[in-house]
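Straight from TrEMBL, the features:
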- 15-489: domain 'Major facilitator superfamily (MFS) profile' (DOMAIN)
- 17-40: transmembrane segment (TRANSMEM)
- 52-72: transmembrane segment (TRANSMEM)
- 84-101: transmembrane segment (TRANSMEM)
- 113-133: transmembrane segment (TRANSMEM)
- 154-171: transmembrane segment (TRANSMEM)
- 191-209: transmembrane segment (TRANSMEM)
- 245-264: transmembrane segment (TRANSMEM)
- 284-305: transmembrane segment (TRANSMEM)
- 317-336: transmembrane segment (TRANSMEM)
- 401-423: transmembrane segment (TRANSMEM)
- 435-459: transmembrane segment (TRANSMEM)
- 465-485: transmembrane segment (TRANSMEM)
Amino acid sequence: DAVETQEHFKSRWRSIWIMYLTMFLSSVGFSIVIMSVWPYLQKIDPTADASFLGWIIASYSIGQMVASPLFGLWSNYRPRREPLVISTAISVAANCLYAYVHVPHSHNKYYMLTARALVGFGAGNVAVVRSYIAGATSLTERTSAMANTSACQAVGFILGPVFQTCFTLIGEEGVTWKFLCLQLNMYTAPVLFGALLGVINIILIFAIFREHRVDDMGRQYKSINSDGEGSDVLDQNTEGSIDHVAVVALNVLFFVILFVFAVFETIATPLTMDMYSWTRKEAVFYNGIILSVIGIESVIVFMVVKTLSKKTGERAILHAGLLIVLIGFFILLPWGKKLPNIQWQEIKNNSIPRTAPTEMLMPFWSLQEMQLPSNHTAEPVGCPVTQSWCLNTPMIYLAQYLSSDVLIGLGYPVCNVMSYTLYSKVLGPKPQGVYMGWLTASGSGARILGPVFVSQIYTHLGPRWAFSLICGVVVASLLLLEIVYKRLIAFSVRYGRMQE
């Protein structure tokens with residue numbers, strides 16, 4: 001029997017490609033300002049500290065965690081175009097709000113917090129994307145489609161800062177349009193670019209996206225999303241229960257994967273400003289270049305890992321990816337003896353903590369370096385002395401930082417792709433909307449706790465404690481993977497309908 005017509009096949013895959021684009025743009029909306037949030041926050045609201053930065057980064061994921069189950073439920077009973085368009089429109093409006101957070105005379109940091117939370121709320125549509133792709137692909141197509149979805153999301157997370165890097169050429173001042181009360185600079189241009197991409201996405205959803213549903217064999221059958229009537233015609237391949245132990249384990253592993261990458265992206269700017277005395281602009285620019293290189297690395301990883309998984313299986317590659325991430329954070333631990341430069345402005349203001357004699361904590365040459373001319377007006381750089389660990393924690397050498405970037409940039413996309421692929425296989429042909437919503441919520445929870453965790457631990461205890469705890473979390477995830485290793489198999493394999 002003919003599985004589907006050529007016209008249906010082309011329409012189905014055009015719609016899937018629109019979902020890939022939507023997933024990519026949702027990720028870009030998160031990462032396009034990651035490198036510049038901290039310096040922009042310092043500029044518009046001097047009352048904000050590094051701890052508040054964690055809440056601003058986390059607000060995106062709080063919004064996404066709240067919205068993803070709602071949009072997922074909406075998409076179960078109504079045409080998916082509705083939640084997709086509404087959610088994208090919310091993100092567009094929120095990006096525009098972010099571009100104006102400098103306008104109010106006070107409480108600017110709370111306006112930024114609100115804008116990022118609304119961007120995250122709009123990004124709750126990723127649950128809709130995943131459930132659509134799962135239902136619009138046959139069993140043989142699903143692994144590749146889910147891997148492509150993961151790739152689009154991971155590339156969006158990694159390449160977002162690339163756009164930010166390009167916009168640093170505009171500078172901190174940029175251009176001001178008084179009649180619009182708009183400052184177009186290196187901080188606002190990325191979000192306005194994100195809003196433009198959102199508008200394009202909405203147009204493409206209306207113009208190209210169509211509802212499609214196929215069974216495991218690729219045969220088209222009716223979906224309630226397409227016309228609001230009828231019900232899905234399920235076949236015998238849906239019989240059997242889902243292994244919920246495997247589902248929960250994969251949610252936990254996905255949480256860890258997103259957690260460590262959220263820590264990695266959040267800490268990059270403050271860490272390099274503290275360790276290498278980079279200015280705000282330098283930190284945004286250089287970290288953007290670094291992540292651009294990682295983005296290229298990740299694209300290569302995606303191409304290799306899809307081929308490699310056919311020979312070794314997804315579970316073994318997921319295990320290897322977690323090991324690589326562990327090594328990356330282990331390398332990032334402070335190992336040397338040289339202390340970071342101390343921010344001169346804090347010394348000038350006599351705000352050195354008196355918890356211990358500074359002469360005992362710091363070498364003489366470091367004290368000499370801090371004696372700057374009283375008329376020095378440049379932007380203060382270095383490790384703020386208010387972070388007491390700066391006085392006794394060795395600096396992280398640039399070679400350590402770059403090596404860690406390469407390893408984490410290799411391990412993260414591997415883990416991301418394999419966890420999505422295994423998750424979709426374990427769920428099988430049954431409707432996956434609710435489960436995909438929980439997976440999205442799991443990732444959102446990780447992006448909430450990751451930035452808050454690292455900003456608090458890093459600010460008060462320093463990088464040694466922060467990265468040691470991360471290593472402990474990754475080790476625990478490796479143990480969990482070992483425990484459930486044999487259960488992470490496809491639904492059809494579990495019930496003997498096909499061989500692994």
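Placed from the backbone N, Cα and C atoms, the Cβ positions cover glycine too.
Cβ atoms under 8 Å from those of the transmembrane segment (191-209) belong to residues 14-15, 18-19, 21-22, 25, 28-29, 32-33, 80-81, 84-85, 88-89, 91-92, 95-96, 98-99, 122, 163, 167, 184 of the same chain, restricted to positions at least 6 beyond its ends. On the 0 to 100 pLDDT scale, the domain 'Major facilitator superfamily (MFS) profile' (15-489) averages 80 in the predicted structure.
Same-chain neighbours of the transmembrane segment (317-336): 253, 256-257, 260, 305, 308-309, 393-397, 400-401, 403-408, 410-412, 414-415, 418-419, 422, 462-464, 467-468, 470-471, 474-475, 477-478, 481, 485, counting only residues six or more beyond its ends whose CB sits under 8 Å from a CB of the stretch.
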